[in-house]
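According to TrEMBL, the protein carries these features:
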- 18-61: domain 'Ion transport N-terminal' (DOMAIN)
- 63-200: domain 'Ion transport' (DOMAIN)
- 64-87: transmembrane segment (TRANSMEM)
- 93-112: transmembrane segment (TRANSMEM)
- 141-163: transmembrane segment (TRANSMEM)
Amino acid sequence: MEKFKGPTTGFTKATCGWRALLLPQLNRQSLYMYGSEVAVEKECMRQLESGVFVIHPFSPMRSYYIMVMMAITFLNLIGIPMEIAFLDGDSGLAWESFNVFSDTLFLLDVVLNFRMGIITEDAEEAILDIKKIRVSYLRTWFIPDVIAAFPIGYILLFADLHYHNDDNPSKANKMMRILMFVRILSLIRLARVSRLVRFFNEVEK
């Protein structure tokens, strides 16, 4: 991201293009944090002048991100137990595709959290420094997020493809046992409930 150059009086979100999605939006939360529209604009300038790709915690992209991840997590928490209890190893293409899509999003989520600005309780402004964000994430939510992002969906997809394409009965039976074991491992994804609670807390704030 190139640095913004020019007078602050000429600054508008329209001049930033796609970068406007990363900047703090003017709402009740940002006004409470910074006190005035001018202060919010100065915060936008501070982020632009940092010259790095960071998603501000009050930005539109952050809001959309939370809503999407909450929806995906909620669907996982409902669908995974139902898959194990009722689908008997045959969840169908639609659910397998959703699993792969979901796992991809959660893997991407781990990466994005290294570029997600944070707000601490005693801070007067958002932390946008990459090194501080990295240290904070590694000390807090990195391990739970990595566990929750374990790509069970990819393993299930490859196992299903191998099972259906194998004509040897003994190998097929062995693969079926492995497949059912992997489906039990899919309960690991229920660890995403911690992220759902975290998102709910952020929305409540």
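We count from 1, first residue shown onward.
Glycine is treated like the rest: Cβ placed from N, Cα and C.
Per DSSP, the secondary structure of the domain 'Ion transport N-terminal' (18-61) breaks down as 28 helix, 1 strand, 15 coil. Mean per-residue pLDDT, taken over the domain 'Ion transport N-terminal' (18-61), amounts to 86.
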